[in-house]
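Just below is one structure, and these are the notes that go with it.
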């Protein structure tokens, strides 16, 4: 009965899940947060119960000790059932890491080097890896990269049309993100369709606060909407997605916004928040229903961008077997699904209203019977995918 511990670490917090791999059951999960602040906190769930605790947590090493204490106090026992592997989510693997990789000193140095491409994410992941190695010195640690799934993109999809020497010197290319989710969901879609993975053409729409689209052919990513960073592509909660780059030059010349201000503008003050003052899709929909014209426009922009990518990826794939919605908005918002695909019936893409309105946590069809293109809702499970990849990487 092998178990895998999955860790998703940031600069001041980390989440964890302990997963029994024979049945792929979550045995325990938790959150350690406010690391480095005067008072930190832990939350641990196991066996249907939950416990919370406040205590000083000086650093990630202390955070992992607090996690170990929670397992010792509330179970399940890590002494009786120690993990055979610990999987770490790492946002950016650049073009260095194309698959889940057992952590070595060289791997940690490479992750640190790639922090220039993901300064908000990779340093926290590295802190988590180092602390976890202290807590579990005799267990294999595996880094699973959000970007790895998209390393199969062809050159024409990942290359930006800028000076090639500058691009090479600064590692500028499309990397793509949410790869763990896109991989999990596209493989689940193939099973739901009853088709061999290598014969499928699937468009995955990962719609959460962050959002991305991917074209997956035969289980391999051939195009994706996020680029060098997670800023490109679809409209998101606070991120702009695609814009004309000259907008930044225009703002730099005609306002007092500096480089950091412009970066903050596009990452934290744009998207739905920038268009409406509201960053949550549910709030935007309520405002639109109440007649707010800005909210109505924002929803139109959001849907327009999704349709743009669905059409483009259908062309790149040479046809589509399924369009799949996943993540918080994609899984739970029937209105977004229906309106995002409205008008695509000429492509064989349509939604059955009754199926679409059904509230369920199960993977399911929301397209009519006999539809040329299946429309699916598949809950993502990035932690399980990380656990699967970690187990495979260690040979267990």
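From the backbone N, Cα and C atoms, a Cβ is placed for every residue, glycine too.
Here is what Swiss-Prot records for this protein:
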BINDING   8, 382  Mg(2+) binding site
BINDING   15, 206, 207, 208, 209, 210, 280, 281, 282, 328, 329, 330, 331, 332  ATP binding site
BINDING   89  substrate binding site
ACT_SITE  146  active site, proton donor/acceptor
SITE      178  site 'Transition state stabilizer'
SITE      239  site 'Transition state stabilizer'
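Positions of the features from Swiss-Prot, shown on the structure.
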| residue | record | contacts (Cβ under 8 Å, 6+ apart) |
| --- | --- | --- |
| 8 | Mg(2+) binding site | 14, 15, 16, 88, 89, 128, 383 |
| 146 | active site, proton donor/acceptor | 89, 90, 91, 92, 93, 177, 178, 179, 180 |
| 207 | ATP binding site | 234, 306, 325, 326, 327, 328, 329, 330, 333, 336 |
| 239 | site 'Transition state stabilizer' | 210, 230, 231, 266, 267, 268, 270, 271 |
| 280 | ATP binding site | 237, 272 |
| 282 | ATP binding site | 333 |
| 331 | ATP binding site | 325, 377, 378, 379, 380 |
| 382 | Mg(2+) binding site | 89, 180, 181, 184 |
Just to verify: the residue among 15, 89, 178 with the fewest other Cβ atoms within 10 Å, which of the recorded positions is it?
15
Taking every pair from 15, 206, 207, 208, 209, 210, 280, 281, 282, 328, 329, 330, 331, 332, which the record gives as binding ATP, the longest CA to CA distance in angstrom is 25
Among all protein chains shown, how many Cβ atoms are found within 10 Å of the Cβ of residue 209 (ATP binding site), not counting that one?
17
Looking only at DSSP and grouping its letters into three states, which state does residue 282 (ATP binding site) belong to?
helix
Work out the three-state DSSP category of residue 239 (site 'Transition state stabilizer').
coil
Counting every protein chain present, what is the number of Cβ atoms, excluding its own, within 10 Å of the Cβ of residue 329 (ATP binding site)?
24
